[in-house]
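Taken from TrEMBL as is:
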DOMAIN    A:167-294  domain 'FAD/NAD(P)-binding'
DOMAIN    A:497-581  domain 'SoxA A3'
DOMAIN    A:597-868  domain 'GCVT N-terminal'
DOMAIN    A:886-973  domain 'Aminomethyltransferase C-terminal'
């Protein structure tokens with residue numbers, strides 16, 4: 001055990017956990033990383049490419065090395081950073097990316113082969129032979145790569161999303177963030193304070209700095225208590241603001257239950273969409289290291305992280321208490337770690353400072369003008385080589401802290417292509433002025449990392465931000481604090497022959513960057529792609545700037561001349577589960593149910609998804625073993641008796657106003673203004689480019705009142721188009737539009753017995769052909785006083801009506817019709833039978849109205865009225881469209897029992913089957929029980945003049961070919977006598 | 001994005017559907033000489049500027065109004081939004 | 001009176017109601033709705049004594065209510081009249097205006113909190129991208145909820161009506177119930 005005194009862990013709450021099956025104990029407040037270090041575990045994983053033994057490097061979300069698998073079974077979660085995994089009792093973690101035990105990984109052979117795995121090796125090695133890529137290289141690479149593994153089981157947990165709004169979003173709850181939130185909270189602004197950590201305080205938790213001469217945790221607790229008491233402040237811990245989107249929208253993930261063994265009733269995570277008028281980016285800074293030979297051994301870590309482990313978690317990073325710790329630094333900051341470790345009673349070898357005139361802040365040895373030039377220790381550090389003035393000597397150490405300076409966390413500030421700018425004094429990039437509007441970076445995120453300056457900067461940022469939205473915020477009394485000494489020099493890496501790691505996660509070394517330079521992959525974007533630097537889970541948080549500095553050195557340019565790395569969302573990895581969010585399975589998306597849905601369900605109907613709708617597809621009866629039996633029965637029942645079909649899904653739009661008729665004249669290709677009250681007309685709508693768009697019916701209920709229907713699929717689009725022409729093109733017309741699709745349950749009653757059946761439900765209404773002819777409509781009452789609308793229209797070609805009642809009565813109506821029609825052979829039918837009936841009748845539907853067809857092709861050319869303008873009228877007369885000779889035809893196979901594949905192309909018998917000889921294509925196909933033959937509809941060159949011709953329908957994809965006869969598309973009752981009788 | 005609806009204030013752009021170039025409001029005169037060419041232009045040719053663009057948005061999950069939104073396509077900055085019907089009626093006067 | 005028996009939007013013979021901690025959600029099958037649109041140049045009438053409200057507002061008096069749905073357009077509500085021909089009654093009040101029956105176009109869910117505004121606001125945070133602070137008492141708006149379009153009417157600090165398309169009633173209930181249940185956890 002290497003626990004120190006103090007820290008912010010609760011020693012009264014021990015937590016048991018396992019790592020690679022071995023049992024350990026930590027405390028409440030630990031992360032997995034701090035608890036492992038406290039147990040003397042330095043080796044936590046293997047590197048991505050070379051499978052080098054690796055330990056923890058950082059103490060926060062920037063961690064590149066310590067990636068582990070958490071939990072098991074369906075909850076197995078790969079690539080979790082041990083540094084942010086909160087410890088809970090029973091946590092089971094495993095190391096990953098190795099074959100065999102972690103300390104004897106068989107894939108470590110890759111390290112010996114490293115000369116072959118240099119930068120760009122993928123691109124160079126796996127090029128040839130080409131066929132090997134899919135069969136050999138890719139599977140092998142996939143197996144060896146990818147770090148952790150997936151369970152391949154469905155995620156059992158629930159994920160959620162939500163929306164929040166505020167005046168000020170404060171990203172980060174450290175010194176600057178707390179000061180900003182408190183300033184804004186006291187000013188009465190609506191404030192959201194978000195921090196990725198489970199505790200507020202940020203870097204204050206990791207430092208030994210005093211605030212008002214007491215431990216910082218006391219001040220943090222006081223501020224938290226005040227913020228909690230303010231109703232206008234929402235504190236969101238365990239919440240990462242991962243991206244900035246347009247107009248002040250921020251994406252954030254709250255890890256609601258990741259710190260619990262299982263979520264129980266809670267959701268696992270919540271995706272928040274925060275709309276903030278202003279934001280303060282107080283995201284702090286990330287420390288960078290200094291590459292030197294063999295700097296990747298477990299035990300080598302960032303000096304600031306070492307401080308965090310010592311101060312916050314009371315952990316020394318060595319395996320045995322007796323082991324000494326050394327610090328390698330290019331500035332004053334490394335000395336802070338030495339001081340804090342000494343204060344905690346750890347054994348410190350000294351500080352290796354690259355500066356010749358290195359300061360000394362306490363009682364420890366300083367190796368001034370020295371560098372670390374080598375390390376030893378197979379699975380963990382046990383010695384370092386210190387070189388000074390050309391003389392080298394080895395020193396036994398158990399851990400080495402490396403302090404290369406701090407990079408402001410500019411990520412969110414660069415999300416709108418905001419370009420960070422180089423600050424030569426700070427030796428780092430800071431947010432530029434062109435970042436997202438309304439986002440003000442503050443504190444360490446702009447390089448003001450001293451406690452005193454961060455507090456003041458946070459407060460001032462809040463005051464400035466709120467002033468921008470008219471809220472006056474007063475300054476607050478900040479605690480007395482100091483800024484630690486922070487002198488440093490530009491020292492980016494220790495030159496040498498051995499490998500010096502820049503990016504631990506992707507195994508990118510200084511040599512790889514030199515190779516990229518040699519191969520002219522010099523712009524940072526190329527460098528990244530060629531070497532994989534800065535990719536994967538950490539996105540180069542600890543490595544990008546160092547790599548840039550190395551490249552600058554090689555090119556002889558300055559760092560800003562060499563390039564700038566900007567960042568895209570997300571700041572840290574976001575699980576696909578939370579982005580997908582919400583429900584799975586049948587509740588994955590909303591489902592529209594027709595008014596007779598529950599009834600149809602009770603009848604045993606099979607359903608089909610049509611857009612959002614669930615429609616009854618067919619109604620199987622006992623004894624029917626194949627859907628075709630059912631559909632054939634339903635179709636024949638309509639042709640011989642009477643059938644019922646719920647057609648509520650057709651779009652219905654109420655069009656009223658003095659100019660309703662004129663408006664519809666302009667909307668539809670044919671005349672609607674001349675329609676008599678009480679009558680219905682089929683309507684064809686074109687697109688403005690002249691092609692057929694949608695069809696439906698217009699019923700004139702009153703002089704200034706029409707009800708129009710659209711196809712199910714286009715209901716929303718047609719309504720939108722109607723509003724477009726109403727508001728954007730002809731707003732001078734007096735028209736009012738509103739959808740009534742859902743309000744009315746509409747049932748098609750079709751078949752020779754339709755009139756008789758309806759006569760049994762209407763109240764004193766004359767249904768005779770004289771009183772209520774084909775294409776009539778009326779408002780009436782049925783079933784003793786229920787208001788209803790009746791339309792005599794037919795999609796099937798039979799005597800047919802559509803009857804509409806308030807939706808709440810839809811189920812009762814169909815039940816009544818079934819009951820009253822028992823002796824008439826009444827039969828419910830679904831969308832399959834509906835499709836067969838309309839193909840038999842030659843009615844166009846979606847397969848024919850596919851956006852490529854014209855009114856002429858549909859045989860409806862004469863509907864485009866030459867007497868008026870309408871949408872698409874001008875363009876429909878274009879040469880290319882008007883001259884189109886393809887026409888809708890019926891097709892019958894010479895062998896009645898062979899199905900014609902929809903999509904087949906039509907060719908003259910005996911002709912070569914090429915694009916040039918193509919005569920048309922098959923749009924819809926079905927079995928007609930009425931004709932006892934397969935039939936189809938299609939478009940054929942000059943089709944209306946080719947009745948009786950025998951063609952070949954070819955489906956070259958499947959190697960099918962069959963002979964078909966061209967017939968009228970009206971397979972049933974071509975004269976239309978049935979629907980008019 | 002947030003759309004500054006002239007009646008309802010800032011609204012989530014997800015409530016809207018997008019159509020594009022507001023030039024679609026200027027439907028050519030079908031009776032004029034060269035109407036076909038004018039319609040071809042109207043239907044098929046759109047400006048796609050990198051910069052300030054006037055475009056049509058439909059508040060489908062809102063008050064069902066069509067808006068003309070002026071947006072900088074390079075920054076997504078929105079410079080204004082007006083009711084399309086007001087614009088059209090105003091232009092006619 | 002017809003001898004057909006209606007069902008509620010959720011398909012039951014009685015409205016569904018369920019309690020989730022401080023929140024209760026109840027299907028309001030009795031609410032009658034009809035849209036009222038002004039003809040061009042028409043002045044706003046005052047059906048049932050309602051002063052038709054301005055943008056984003058709702059008013060109610062004596063069992064009737066009105067909320068703004070678009071320019072020169074309102075939805076008129078009548079409590080307990082869901083089974084009547086309310087559109088005809090409204091048309092009689094405003095013969096010059098355009099009236100369309102909407103009762104069965106929608107399913108109304110009344111959400112009541114027993115703990116003040118906070119649970120209502122917490123529910124809104126999970127469902128709609130509308131700032132609850134901007135939807136105070138007497139305000140109404142239309143927005144998206146789980147890919148559905150809904151009207152939100154803040155009837156009181158502790159009462160919110162969510163009115164969505166009737167054919168989506170089941171999905172809307174599911175969305176509301178799941179969110180309310182999660183607030184309990």
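The backbone N, Cα and C atoms fix where each Cβ goes, glycine too.
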Q | Among the ranges A:167-294, A:497-581, A:886-973, the one whose Cβ pairs under 8 Å to the domain 'GCVT N-terminal' (A:597-868) are most numerous | A | A:886-973
Q) Where does the mean pLDDT land for the domain 'SoxA A3' (A:497-581)? A) 92
Q. Reported in the order helix, strand, coil, what are the DSSP residue counts of the domain 'Aminomethyltransferase C-terminal' (A:886-973)?
A. 3 helix, 44 strand, 41 coil
Q. Would you list the DSSP helix, strand and coil counts for the residues of the domain 'FAD/NAD(P)-binding' (A:167-294)?
A. 30 helix, 47 strand, 51 coil
Q. Taking DSSP states H, G and I as helix and E and B as strand, how many residues of the domain 'SoxA A3' (A:497-581) are helix, strand and coil?
A. 38 helix, 6 strand, 41 coil
